[in-house]
Amino acid sequence: MRRLSSWRKMATAEKQKHDGRVKIGHYILGDTLGVGTFGKVKVGKHELTGHKVAVKILNRQKIRSLDVVGKIRREIQNLKLFRHPHIIKLYQVISTPSDIFMVMEYVSGGELFDYICKNGRLDEKESRRLFQQILSGVDYCHRHMVVHRDLKPENVLLDAHMNAKIADFGLSNMMSDGEFLRTSCGSPNYAAPEVISGRLYAGPEVDIWSSGVILYALLCGTLPFDDDHVPTLFKKICDGIFYTPQYLNPSVISLLKHMLQVDPMKRATIKDIREHEWFKQDLPKYLFPEDPSYSSTMIDDEALKEVCEKFECSEEEVLSCLYNRNHQDPLAVAYHLIIDNRRIMNEAKDFYLATSPPDSFLDDHHLTRPHPERVPFLVAETPRARHTLDELNPQKSKHQGVRKAKWHLGIRSQSRPNDIMAEVCRAIKQLDYEWKVVNPYYLRVRRKNPVTSTYSKMSLQLYQVDSRTYLLDFRSIDDEITEAKSGTATPQRSGSVSNYRSCQRSDSDAEAQGKSSEVSLTSSVTSLDSSPVDLTPRPGSHTIEFFEMCANLIKILAQ
């Protein structure tokens, strides 16, 4: 597999120390803003222009383990070309032997998810304004053949003027379909019926469904589909029946029903939404311009002069980089940073709120609260058991007595890794599941359906979260070919737990792996008996069966 360093210059990429702080390229890294699928996101400051950026750090080892090297290269190349006022911009990519640094636009307002948690539902006018911005960004990327597939309030950021910015657009497209639930923090509430049922889908229609769920959350402060019991939640989503509060405008209800149409062929398109009477009210012209060009080809003399002063270079050098479209050159990056920051300020004055956002929106608590790892289940507020997004705030839940989740796609434990796997093996044996051992901390499990005689399959992988905590991750398996090609272990039925104990490692070995925030625990392969691998193709969706397997296993482990 070709190394990513082969497509990025290394000369300016080496990490340096700047007054005791880490410096990468021209950026001085600061505090951690959050932790994503591939690594951390830190705030950065351009050492010459002084502008803030968000630096997403992609760990090469994790990229290789997820087998997304080629996809990351293609997606980054595309995202670098995107320029839209409501999509987080990618300014530059810097590569080192250990990490890839994506220098992106910085916004200070936090997540839409957190804002709704703190303030509750928005009024209709404000909900429409934000939804118009979100849909404009979705439309822009769809026209460039990029689909998000994981739209949710956590992926919509807010700037200081309460404008929406879609994050991770295109990065989630690198994930395989089978990994959707695992990469969505165990919450399928925003997923379209065709996604959770395992049917094929083109892509844009799933973003429409998720956008409809976001619109509902903006207007109601709740989720249209929610339930403590996963199979029941899936049934609600597949039925497409949701509660509409009386305070909702009949016009927006018709739009929601069109967007949350179960049949993707009958679901609203972006064209349908744009032509809807509710959506067209107070629609700024810049969101859907006749000429879809969002960037000017004219050279900004003031920005050009500022770059020359900061870098002590000639105008010819800067112009050469711009005309040659050398987007990786520091001069070009600095120029576009200056242009974009000025444009953002002007757009805020021209199109958005003239007053400052409320203090409650920009307080320190809101900006620094860590990203929620999973969505907790909430106390029902009416006989309809509506779950408010406001109650999703873990800080509030401490005071409101909100009960913890009954399910998620993983189990956390502070027991020793070998003890965890021993208990897992006992539970699998008690349930009479079949399994094979890939390594002492990675199992592939299957259960035979007594009615259809087909198999439901899942994998169990133990991860180290920190020096004391481990996560047992559940994942559905639909690819028998990959499973057969692994060849590292053979299936076993009701095997002995002693096989795991023979793979024990010392506590010092376990502590040595605590250096990474989340590393897979690996060891030598354990070979059991040689039962044949079943390669019989399985029909359709096994999502429900997968969650039933998870529920049964969790029930036994909880005893």
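For all residues, glycine too, the Cβ spot is worked out from N, Cα and C.
Predicted, not measured: the structure shown is a model, and the values here were computed from it.
Comparing Thr244, Thr382 with the features listed in Swiss-Prot, the residue bearing the annotation phosphothreonine is Thr382. When Ser496, Ser506 are compared in Swiss-Prot, the phosphoserine annotation sits on Ser496. Noted from Swiss-Prot: of Ser184, Ser295, Ser498, Ser527, the annotation phosphoserine belongs to Ser527. Gly39 (ATP binding site) falls within neither a helix nor a strand when secondary structure is assigned with DSSP, and so counts as coil. Counting only same-chain residues six or more apart in sequence, the Cβ atoms lying under 8 angstroms from the Cβ of Leu33 (ATP binding site) belong to Val41, Lys42, Val43, Ala54. Each residue contributes its Cα atom, and for Gly39 (ATP binding site) and Thr32 (phosphothreonine) these two points are 11 Å apart.
By a simple count of nearby Cβ atoms, those within 10 Å, the most crowded of the recorded positions Gly39, Thr269 is Gly39.
Cα separation, Asp150 (active site, proton acceptor) to Thr32 (phosphothreonine), rounded: 23 Å.
Thr269 (phosphothreonine) sits 33 Å from Val35 (ATP binding site), taking the C-alpha atoms as the reference points.
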